[in-house]
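Let me begin by presenting the structure, written as structure tokens, before commenting on it.
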Amino acid sequence: MEQTYQYAWIIPFLPLPVPMLIGLGLLLFPTATKSLRRMWSFQSVLLLSIVMIFSMNLSIQQINSSYVYQYVWSWIINNDFSLEFGYLIDPLTSIMLILITTVGIMVLIYSDNYMSHDHGYLRFFAYMSFFSTSMLGLVTSSNLIQIYIFWELVGICSYLLIGFWFTRPVAAKACQKAFVTNRVGDFGLLLGILGFYWITGSFEFRDLFQIFNNLISNNEVNFLFVTLCAILLFAGAIAKSAQFPLHVWLPDAMEGPTPISALIHAATMVAAGIFLVARLMPLFIVIPHIMNFISLIGIITVFLGATLALAQKDIKRGLAYSTMSQLGYMMLALGMGSYRSALFHLITHAYSKALLFLGSGSVIHSMETLVGYCPKKSQNMVLMGGLTKHLPITKNSFLLGTLSLCGIPPLACFWSKDEILNDSWLYSPIFGIIAWSTAGLTAFYMCRIYLLTFEGHLNVHFQNYSGKRNTPFYSISLWGKEGSKISNKNFSLVTLLKMKKNPRPSFFSNNKVYKIDENVRNMIQPFLSIPHFGNTKTYSYPYESDNTMLFPILILILFTLFVGFLGIPFNQDVDILSKWLNPSINLLHQNSNNSIDWYEFSKDAFFSVSIASFGIFIAFFLYKPVYSSFQNLEFLNTFVKMGPNRIFYDKIKNSIYDWSYNRGYIDAFYGRFLTAGIRKLANFAHFFDRRIIDAIPNGVGLMSFFGAEVIKSVGGGRISSYLFFYFSYVAIFLLIYYFFNV
């Protein structure tokens, strides 16, 4: 066992040869490297698989013995200061290693096909491997200095991948937004690290916690200063994990390739903030009010993320706000002291959200065969619908991910979210009400995304690709579907109802292609050439993705089905997660053995499932396929006859829609007051620098120039000039003498 831990230092460096070799290959042998580019995906998967096997071995040993291993190398700069570098293997590290490697491998396999026709294929895999290296280094760090170094490397990789298609102005702007927003949090993190070093004199976690606890117990610290330093540390996690108010970068980060969205949202960048707070829990729990502040930020993010997801039309942005809300649940659990529940939800959410993002990538991939490469169209749920027949495997996997996130048993997120909801009641009734209400909102917006994407008819056939309407009946329902007031006499309602029964080509058959224009592709392929933005070749119907993309989705289905059983709290003997985290930090249940009886569990589960079911019912009520509503005209007429009540209902609905679709006006507020204010300040500083600061030396130079010109004209060699200036000076001196002696 000791030997296994001794070689754990190699874990972060195993994926590193891939970006280094790709860079050397492009520099020395560019043609050969590009022609053999597909082999780099195999090497990336192979190296990360080795890390996964190593991590599983460490995790098994952690479960059996709860052994904490730390190794440190000391670099002595002088007698008073030294830097220590090392690695720390404990239950938290082993959990994160498993998460990063398993999700990372699935994303890499998926990306091999998804990015196969992209000119940036090599660059993508170089970034991804370096991303894995940075995240693995972060979770194995033994001190705050290493944490900060790898923290910045994780951020750099995220910015590179968010702005991967940097020739698109929207992607470049999203990259810049993520960078600027995270700069705020990272600066706070750096100040917090320096503050605690000034207090304790150490960066090492073990020494830092021990010294700080002694100072707190002896009342030898300034609590105001300590609280400020703790908030600054937490600011880094706020930005990285997209917590309010530094959450604005996360939806725009969807401009990157879909595989990287899956990795960022499941196991890397946003998980880094949760990991940091979990790692520093022994520090935070002894500081008054800081845990309350963490839970407050968490509950605000929970509710805000859920409300902003209600009316999004972009499928990836809807999932992004879902991630924001679920991260809020994790932060809420950490703030309440439910260490185990937070990490449990981090695990279950990672696999469910990776499944949803890879499923959305499959949907986007299929929609690109209809509308060409244009994210505003291929990711727009307005143009989707009716994909159940064409993408059955993707549909079933997306449904499982949706139900898991809704909290439906026995799927993964049910077990973890239920613990957080129960703990929220013990912590604060107000927080409990908000958390339980948000669980219903989660079920609503996730079911909405599923219904708009897979149920009903393929709405791209109801309007052209430029967005111009050619029929008034392309709207499924409110929120996400525009209605049309233009009447079309040639359109028959009976025709619309019969469209459901018309046969459509199956994705299993490639013998026939149904053209919708003359630019149909000559060869059916499961991927597009991303760099060809002008490509207008389309098919009439989407089809299922290639097996290389479906394989990771199927594996993630297994994780979504069974990973929740790791933390079932019925019996201590089968509760693997509690053994893994023993001794865990749980302020709400300090004397608990993390096991509950059947009656208590059934009561709480019934309540949570009822709320989730209510949200699902409302979503089905509002977003069921359009033809089912048309077939029940009497049901529709009841809403028409509502009169004034309907007007009031529409006002409420539109207000909620505007709030959600406009991102709670938070981005607009930042743009108008912060961004505009900073730009005005920058313009004023520019004006002051150029017109005042620069004007002083420039004015002296001009005065010297004109003075020299005058002197030069005097000494021009003409006697008349000499006489003129001579008599002028004599006259001036005489006048001065006269006035002073009068």
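A Cβ is built for glycine as well, from the same backbone N, Cα and C atoms used for every other residue.
For 9-29, 89-109, 125-145, 147-167, 185-205, 219-239, 283-303, 354-374, 396-416, 550-570, 606-626, 722-742 (among others), the entry in Swiss-Prot reads transmembrane segment, with the evidence type sequence analysis.
Spatially, the transmembrane segment (550-570) is not adjacent to the transmembrane segment (185-205); fewer than three Cβ-Cβ distances between them are under 8 Å for residues at least 6 apart in sequence. Counting same-chain residues at least six beyond the ends of the transmembrane segment (219-239), those with a Cβ under 8 angstroms from any Cβ of the stretch are 151, 181-182, 184-186, 188-189, 191-193, 195-196, 199, 212, 245-246, 249, 272-274, 276-277, 280, 283-284, 287-290, 293-294, 297, 331. Listed as Cβ neighbours of the transmembrane segment (283-303) (distance under 8 Å, sequence separation of 6 or more from its ends, same chain) are residues 196, 208-209, 212-213, 216, 223, 226-227, 230-231, 233-234, 238, 242-244, 247, 277, 324-325, 327-337, 424, 427-428, 431, 434-435, 437-438, 441, 585, 587.
Through the fold, the transmembrane segment (147-167) approaches residues 12, 120, 123-124, 127-128, 130-131, 133-135, 137-138, 141, 174-176, 178-179, 182, 186, 189-190, 193, 236, 240, 252-253, 255-257, 260, 264, 268-269, 272, 276, 279, 530 of its own chain, all at least 6 residues removed from its boundaries and within a Cβ separation under 8 Å.
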